[in-house]
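These features come from Swiss-Prot:
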COMPBIAS  1-10  compositional bias 'Polar residues'
TRANSIT   1-47  transit peptide
REGION    1-40  region 'Disordered'
COMPBIAS  11-28  compositional bias 'Low complexity'
BINDING   Gln372, Leu373, Arg374, Glu375, Lys376, Asn404, Ser443, Lys472  4-amino-2-methyl-5-(diphosphooxymethyl)pyrimidine binding site
BINDING   Asp405, Asp424  Mg(2+) binding site
Amino acid sequence: MAAAPQQSVHPSLPSSTSTLRLLISSSPRRPPPPPPRARRYNRLAASASAAREMPWPHVLTVAGSDSGGGAGIQADIKACAALGAYCSSVVTAVTAQNTAGVQGIHVVPEEFIREQLNSVLSDMSVDVVKTGMLPSIGVVRVLCESLKKFPVKALVVDPVMVSTSGDTLSESSTLSVYRDELFAMADIVTPNVKEASRLLGGVSLRTVSDMRNAAESIYKFGPKHVLVKGGDMLESSDATDVFFDGKEFIELHAHRIKTHNTHGTGCTLASCIASELAKGATMLHAVQVAKNFVESALHHSKDLVVGNGPQGPFDHLFKLKCPPYNVGSQPSFKPDQLFLYAVTDSGMNKKWGRSIKEAVQAAIEGGATIVQLREKDSETREFLEAAKACMEICKSSGVPLLINDRVDIALACNADGVHVGQLDMSAHEVRELLGPGKIIGVSCKTPAQAQQAWNDGADYIGCGGVFPTSTKANNPTLGFDGLKTVCLASKLPVVAIGGINASNAGSVMELGLPNLKGVAVVSALFDRPSVVAETRNMKSILTNTSRT
């Protein structure tokens, strides 16, 4: 028998473990430590390296796969990506479905679902788990066991039971385990009215009052928050959701978009909530960002044609087609954004001990649809830093941020636009600097000024003061007659401003003037102890007025 080939050993390497030990023990002593300056440099380099290792907000979706790509894990992954979160997935079922409905369902074995959960949760830092289609009692219990073994920061439960097309996606027997086991672990549960009805034994939900009662009843099952979604209440003029935290009911209103491309809205909303929670948002803020995102996505997708069925998907990545990504596109301004226009005031915020960032955050949480930073007393650097911070908040919320007068600040922080007065740079000059993808507003008091704003390429005009105001010196009051004259003459959307508060905002909108899209408010929001409460109250007044 031939001898075994001798193993080749490089002459500079040890040929055995004992030799290796000898080399280690006989190696020269460590070099002396670096001098203090070098040590300081090394610490700085290490700190810089650590700073570059940014944590990525991570959402794990536990849901079914939609072969048509409109709902399920496909919608979840797209929604999380659109809001800047990483999304991993555990597939609970594989469905054959398209725009016409669901043709077949294959449920993944429970043990393999458990294996998927273990793979992700044991290795990756998951911030939030979001659930979708959980087809059986066993699947729900596997999830509960895994979450007890691997706790996460938050659990968002979308109790998917029936598809948009009406097909059953979960056994009726899962209702009890949802109520008795899963909901108690949830930070928020997001049923639509049909799902809420099933969870409560088939009760009828036809009004907002019914939705409130349902939210309160579901809350008793143990979740920290409940969001009952009213998008399926087609007889309603708007899409109203009811949010309940165990103490307070909050109605969240959105415009109803006329489109058939609504497949996956529930999955998307829950995934957006999960993404914002993973980024550290409060629950109410996360819900508002999610609702704004879905409304905007539906608006941008309303005319898309995908498939031949009645329930089409919508474009989660619509922002890639909007400024600043597409420089040649037209402005993305929508007149309805003027509905509740919050204008900040540094003096008022200082009076109440708020930063500009805190004021903007509070206004958005209360329901402001657009925000203008008007900071007359701030130094440029201070103003810019505040504007950048506010821009992050507004961008994540889908609420436009405009800068008053300061085009340089708007450019530096990439704000959504600028508002200028009659003594400032013209709208035409501002457009030359900002480009076609930004919003430009102009203060106007006369039909001639409104016409000039139109000629200069403005997007809207602010008209006032409608009432006497202390925020602007030597500002003449136009009254209802002056407002009416400008609105009738204007070819642009109009927002009323000047002395508007909770006692008179309704009367302004009740005028029913053409092109009047909303009110701009300063003191009534920011010269108060609670910006959130005042903004919410103002939003309610305006919403109720617009319904009449």
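The backbone N, Cα and C atoms fix where each Cβ goes, glycine too.
Mapped onto this structure are the features recorded in Swiss-Prot.
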residue : record                                                         : Cβ contacts under 8 Å, 6 or more apart
Gln372  : 4-amino-2-methyl-5-(diphosphooxymethyl)pyrimidine binding site : Tyr341, Ala342, Val343, Thr344, Leu401, Leu402, Ile403, Asn404, His419, Ala520
Leu373  : 4-amino-2-methyl-5-(diphosphooxymethyl)pyrimidine binding site : Thr344, Ile356, Val360, Phe383, Ala386, Ala387, Cys390, Leu401, Leu402, Ile403, Asn404, Ile409, Ala415
Arg374  : 4-amino-2-methyl-5-(diphosphooxymethyl)pyrimidine binding site : Val343, Thr344, Asp345, Asn404, Asp405, Val522
Glu375  : 4-amino-2-methyl-5-(diphosphooxymethyl)pyrimidine binding site : Thr344, Ser346, Ile356, Phe383, Ala386, Asn404
Lys376  : 4-amino-2-methyl-5-(diphosphooxymethyl)pyrimidine binding site : Ser346
Asp424  : Mg(2+) binding site                                            : Asp405
Ser443  : 4-amino-2-methyl-5-(diphosphooxymethyl)pyrimidine binding site : His419, Val420, Gly421, Gln422, Ile461, Gly462, Cys463, Gly464, Ile497
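Mapped onto three states, the DSSP output places Asp405 (Mg(2+) binding site) in coil.
A simple way to gauge crowding: the CB of Asp405 (Mg(2+) binding site) has 19 other CB atoms within 10 angstroms, across all the protein chains here.
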